[in-house]
């Protein structure tokens, strides 16, 4: 039985005898034979080579690392080495075996000498257990068997699922809080004084929204929009933003504890990747010289400049989206359909958001190419270094791809567009967009909602359907061929053949398979924390998405893809630093949204300085009475630019627009500077308080639970006692 276990399978096309490819293939397989590998060949439409490593390789490994799998045993008692470790060592040797032409396996794969190399999904009980109890949609609310995942896929994959499960578990708390804030918004703030004033302002005439043919309009026309805005933009949101900034910290601190607990049971807490790598190099080749660490300032500078160029391109794309929205608004306002004319702004924002989603999908592919190219330039020393460099670059690019448009809407929209009679224009022709009189936060809400919903529905459906359909198609091509083969030759079929073929027909996996899942989750984490003040439902959407994501990834790994080469790890690696960076960005982002995007600060300033409560001491009325009138400035119609042709002029000679400017020379009023100072003061206060709370939380929750430390001491103590 044991003799029939093969560590790896290499697949190649059937080449002509004597061709260059065939010679190269033979040279590579000869090198493996020299190292004592057993090789078995099976011919079908392709050539399959099963590879089994000799036992002494694993003995050397165990001896060199005295690894936790065999501590304190006498060297002759060979304990079974875990399957995942076997695969890792064999994969390392395959990747680093050099032929006489100085070519390694990845060179041969590029030259199409070999087509694939993969470990096999074995029929073992762990696999059956995972298939039944983990990779099923019906287990969506069940606990994940992390220990079993580790036995089958190695530590790195197990840590990914442990992290994802923990993240989803804590998202549940954030989701409930977000839902409460949102529902409170719907119930309480429908009756807010500000939206009441907007709905009753049937004689406040507003300036036209575009240059040609746009009518003057009444403020009361936008009654529903105002109600929606105050549903999102209220005191509850400020508290929720604070809560999410703290949640992000607590989540990471608790994850560190969780990880320490998980990893201790695996005996990997003090595991050293470098030592492991050197040991494998020496097992593969005794004459091996370790590669030196290198650092070149020249190369780093070049890479930094190229990264900056890429970021500028990504910001340029965000600008293109802004220009699209401006032109779309202008075209919609001139269209024949009344609905489009009235909803021009909302339509432009919505189509802009869909376009933004499409650019995200396209740029993700481009970003990956660029990041890979930059990593090649850097020539990192080890695989994990390569992975870290790649992670940081692609996350930076993805961050700008996903967020530059949102940053514009949150902080620049409606703040850089001038005022009636002196608008800022694109190419001297199109006016920049304005915010709605009840605030910009709804635009941000719409954009966030569309992107998150599209990302989570379309992307997930594609992520599952593409491998699933491909798998079904490959399965359909299989049976005919088998029956024909049996018809031709009456000999018994090799049991390996069926297994190797079925494994070969599964989807490919590569270095990115797990990386992609991580990247997707980390970007989602950014969405749920950075602009959460504008979109309190983000954690809820993320929570439901993740319940499916866990099972979706499990089904892909177990049923639709070849087995991932197991990797050892005792942490989620560089992703932890990325998540910490997002936590800090979340504090800054939410502080800015409340201080700049939302109307929270201008309203507080009005309540405590200019409102009737303060000036007339009338206690019976709502303090925000008169806020809308206070926040609109007056514009004289004769001051319009000569080439604008607004619709029919109203009876009065003035129209109103949203800003704090004087009526005579359109300079800023004292209130503007007062509010500006209040915004800055709030921002500084919010960030400092939130960062202090983050630091206190980080100090309050120890990274490693005491029970873990104690278990360590006891283990060391008993080991030393045994030695004595």
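Each Cβ is built from the backbone N, Cα and C atoms, and glycine gets one as well.
Copied over from TrEMBL:
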- 78-146: domain 'Anoctamin dimerisation' (DOMAIN)
- 149-714: domain 'Anoctamin transmembrane' (DOMAIN)
- 157-186: transmembrane segment (TRANSMEM)
- 237-255: transmembrane segment (TRANSMEM)
- 301-327: transmembrane segment (TRANSMEM)
- 347-364: transmembrane segment (TRANSMEM)
- 390-413: transmembrane segment (TRANSMEM)
- 522-548: transmembrane segment (TRANSMEM)
- 569-596: transmembrane segment (TRANSMEM)
- 676-701: transmembrane segment (TRANSMEM)
Distant-in-sequence neighbours of the transmembrane segment (522-548), which means Cβ under 8 A and at least six residues beyond its ends: 140-141, 164, 167-168, 171-172, 174-175, 177-179, 181-182, 185, 232, 237-238, 240-241, 244-245, 247-248, 395, 398-399, 402-403, 406, 410, 441, 444-445, 448-449, 451-453, 455-456, 460, 575, 578-579, 582-583, 585-586, 589-590, 593-594, 597-598
Local confidence of the domain 'Anoctamin dimerisation' (78-146) - pLDDT mean: 86
The domain 'Anoctamin dimerisation' (78-146) - residue tally per DSSP class, helix then strand then coil: 33 helix, 3 strand, 33 coil
